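Peer 1: The structure's right below; bear with me while I get my questions together.
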Amino acid sequence: MLQANCTTNQQSILQPRRKGHSWRCWTDARQLNRAGGWSPLTSDGYQWLEVDLGQRTKIAAVATQGRYGSSDWLTSYLLMFSDTGHNWKQHRQEDSIGSFPGNSNADSVVQYKLQQPAVARFLRLLPLHWNPSGRMGLRLEAYGCPHTSHVLGLDGSSGLLYRPSPGTRGSVREVVTLQFKTLRNSGTLLRAEGGGGGLGLGLELERGRLLLLTRGTERPPSSEPRRVASLGSLLDDQQWHRLAVERRGSQLNVTVDEHAERLRLPAEFAGWELSVGTVPSRGSQSPDVSKGNFHGCLENLKFNSVNVVELAKNGDLRVGNVTFSCAESVSVAVTFPGPRSFLRLPGATPSSSGGVSVGFQIRTWNKAGLLLTFDLPQQGGVVWLYLSEARLRLQIHKAGRALLELSAGSALNDGQWHSVALTSSRGRLSIGVDGEGGGSAQAAPPYAVAVESHLFFGGCPAEDNEPRCRNPFNVFLGCMRLLSLNHLMVDLMMVQKKQLGIFSHLQIDMCGIIDRCSPSRCEHGGRCTQSWTAFRCNCSASGYSGATCHSSVYEQSCEAYKHNGNTSGHFYIDVDGSGPIRPQLVYCNMTEENTWMEIQHNNTEVTRVRPSPGARQRSLHFDYSTGDEQLSAAIGQSEHCEQELSYRCRKSRLLNTPEGSPFSWWLGGPGPGRVQTYWGGAQPGSRQCACGLRGDCVDPQHYCNCDADRTEWYLKAEDSGLITHKESLPVRSLVLGDVQRPESEAAYRVGPLRCHGDRNFWNAAFFDKETSYLHFPTFHGELSADISFLFKTTASSGVFLENLGIKDFIRIELSSSTRVVFSLDVGDGPLEVRVESSVPLNDDRWHRVRAERNVREASLRLDALPAARRGAPADGHLHLQLNSQLFIGGTASRQKGFRGCIRALQLNGVTLDLEERARITPGVRAGCPGHCGSYGSLCRNRGRCAERANGFLCDCGLSAHTGAFCHTEVSASFKSGTTVSYTFKEPHESGRNSSARPSSVHSDTTLRGEDVSLSFRTNQSPALLLYVSSRHGESLALLINKHGEEAFILKEILPLSDNLPGFCVSWRLVSPGSEDVDPELSRLASLGFTGCLSVVRFNSVSPLKAALLHPHSSPVVITGPLVQSTCGSSASANPRAAEDTHHLSDQSGSVGSGQPLVKSIRTGSALIGGVIAVAIFLIASGLALTARFLYRRRETHGNQEAGGVKREDSGDFTFTSQRDSRSVSTENPKEYFI
């Protein structure tokens, strides 16, 4: 932002006779709307225009115009600034864009305001592109205002000490601002010590970063300084950097350039004493030089608007040799910015020893690249000095083979300056890194190592132009400086003027390194790494994905996991998606009609409280498995939350009376919670328990059972209920007051927090016209933007979303019945990302769209299809700048609107309330029914999808399975005396009992055939599995013969075509062991059955399910022990553990797409296969009866992935004799599916 005094008084800063300078020409630069202009003799990439402004000036804008009356103008250019005419710094917009737009003709003026004004004396303009039909041509003007500068020079042993006057100490706000520049990458810059003593702050340079440290001020220090933050990067580039330190009470804000950090200080830290550079510490008379101190320049050092530099000129603040000017050493660097960059220098005169000595410094982010190569004389070999895996390596190559290899150093791609040396003398060859403190390697080659003619730095020219230079490695991208040949420094300014050597695509007299990881663009804790041209984010273990770790890999609620087809289990949920709230681990219980999210704390068990004589109160705190911010967000997005709060008592009163002070209370709600004086089941503020609200307390004089103060434990001596007021949840603490009496005794329980429903997931709107739309405030996603929603439609095209800026825009649309397009422009031109579907998208089913844009790429994902991606330009615009309203379901022009439903629309993790806006918008309706078309396939095993207002429900009435998706097998363990009998209803019985449940366990219809399926597991043979009989003597038996094979016996079955009255009346389905078995089978039935039966189904009836789940409302009779079982798997009998079942069809391969984190045991279907249905067709032909049946047998094996039963038996397993069959083998039994 332009400062006010520079914005209002902005004026031309080029004097009428001020001349621009290029090494090729001189000309008058201030020529806007005048005749003439600047045009170099040669139009190539080596020209520039340099302007000396006479003094350091704040430059706010530049304007260009083509050369008067010509076809000469620039279409793009670079701007450089410098204080000394050396060490130029390229001005970048948005920290990325380097080029500025130029002109399209010779007459129009194009002005460009700098986002951050540049302060410099020298301005240099470098043409990039120009009119191809003309030459380079330019008329230039710069705008700005004078810059006031108070400069201080420190030499590493000098400094300033400033003690504010007593009247200014201890103020609420203290601010220190300054600018600094240095060539050293380490040293103490500033210290601030609190007036009360005991604590000090330090700002120290380390490896080009500014570290914020806290330390004790006593001498000697009691402990090492503690690093609090690291700010900035590459601060040793001899350019000015801005530092601001602000304290507001206990809040400390530190800013270096554009990088800011916030932290809290102890309240007693106030009344600063400020020291800069090297000064005596408190209690010491000599400067602290225990470590390096700042060596460089400071400008405009101010403390609370007091100019400390001005005071130092007139006072005694100085320590050591402080100067009031900035002496800068000239160090010319050269940048190798691209693959065509190289520098060729002539070989120096050989040394007396006949060898060669080459030295230079490098600075890069790349691990690999050619640094230097030259040919050897006579031998025909070549020397390569290069980086590989961030190490310095040397290789001498001849005739296709390596004669010598050396390596030294490590981690040379850290962005720091590193010295490199190659020396050959007296038969010894050595390479070294960073002098004595670095690494080195030596060898004694049997040949002389010298330069034949030329040395090539950084790369090679094209092979056709320079056959003597060969580069089998990557080119070097980075900076070099202090080049020396045989101990003579190379004058790079002569190289720039083309008076020495040859070069291509170099930037001379500047180091163009950029730290793309400071500040880091990686979000949510992603780790940033970089090369010279790009950065990358490592998102592993962060819970987020994408080029910048922006998008969460987890769903936002248990409801969303359920609709991905997952079943109960532990899942991470991210309630705000890409927002700042971290993911949390919860348990999703999907066994009930509602999908419950459960969050545990450190004590959910019933806990007894013993008398505590002398203790007036007992305080109990509950620590939840998730953080406060996560809890509040999860509660806020849920439709309903509850938490059990119960108290059992004996002589331990709870709330006393409404008029008196309560003995006990609890704290609940956000943060530490607020005091609540009501109990579970009552209303907030009522100061009652549930019984008081109902009016059935033990003592009518009180509003809680425990307030009756009874001496016995009995059933009604309890106050319990659910806390359902979301603003009071979760329960944070309990304070129990009446527990000090010797006879007092109590027990409490605070259950887990349970919530169901997702207000965001089902928030939907229906657009019934192409001209209808909803509008919202402008979407602000400057650096990162993610958009996700679900849609369903019958239309073939339409715009889902659009937001416009002056030039920038974003749009997501259905461009055809099979294509979704994400288009945007952030200033680099329109960009489109498309995803094609192999199936029509206008099928009136829900489809999910997820789009993301960040500084590296734009991506689009549709349903489960692979994401489409388009990379952003390496040095393109970063900020997406929008200013119009956000249109949903249409566009600003009301063209190509969307007709259909949009649901769960989120932008950067924030849900837009479509329903609220739709209620007040014509042409748009709130809500969107009809979900079974999209989610009905999740209901398996004959389960039926039932529509709900928000979502769907799987009705398992006609299925032998149960569970959220009718996926859980119903199994039971049978002993030898166990039988289950099911009596079918007669037709007239069903008619009389109209109130019977519409369930498969009661649905009896006239039989047209028999469809039987079950699975079993046993070691017994022979055995009777199933027997069905009618009052007319017909029967059907399913048994295992003595050979261990399944068999059917059908007896006296009447032809189906007869359809005799009462044929299907009073059928009885009997599991083995029944006394009413056909006499021919009585001997077999007397053996009983020992094993496990699962998912038993006879036509539309599930008798085993009825016996286990509905024994009191179904026509079943159970004899002997019948225990629900997992049929031999190692799943726990715990219902929750039993529900932790995830079939292969549920898993998508990644945690982010719905795989539970806590794997559990699969049910019987996961042991070996599924239930194989056997259809029996009866054909009557005279007196002969024929039966056709299919059967199949499989052995059980354990699913090791889910921790199932280990397979031990083999295909050669033989059944025992009848006598031995009653005992259960210790081996794993076989399992069969029929």
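Each residue's number is its place along the chain shown, starting with 1.
Note: Cβ is positioned from N, Cα and C throughout, glycine not excepted.
Automatic, uncurated: that is what TrEMBL annotation is.
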Peer 1: In TrEMBL, CYS928 is disulphide-linked to which residue out of CYS901, CYS945, CYS954, CYS956?
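Peer 2: Between CYS928 and one of CYS901, CYS945, CYS954, CYS956, TrEMBL records a disulfide, namely with CYS901.
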Peer 1: What residues elsewhere in the chain lie close to the domain 'EGF-like' (513-550), defined as a C-beta under 8 angstroms and at least 6 residues from its ends?
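Peer 2: Cβ under 8 Å, 6 or more out: 92, 95, 209, 232-234, 237, 258-259, 335, 363-367, 415, 477-479, 572, 574, 578, 582-583, 783-784, 786, 852, 854-857, 859, 874, 1152.
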Peer 1: I'd like the Cβ neighbour count for CYS901 (disulfide bond), meaning other Cβ atoms within 10 Å of its Cβ, all protein chains included.
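Peer 2: That number is 23.
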Peer 1: If you skip the near sequence neighbours and keep only those at least six away, which residues in the chain come within under 8 angstroms of CYS928 (disulfide bond), Cβ to Cβ?
Peer 2: ALA764, ALA765, PHE766, LYS792, CYS901, ARG903
Peer 1: DSSP helix, strand and coil counts for the domain 'Fibrinogen C-terminal' (549-601)?
Peer 2: 5 helix, 18 strand, 30 coil
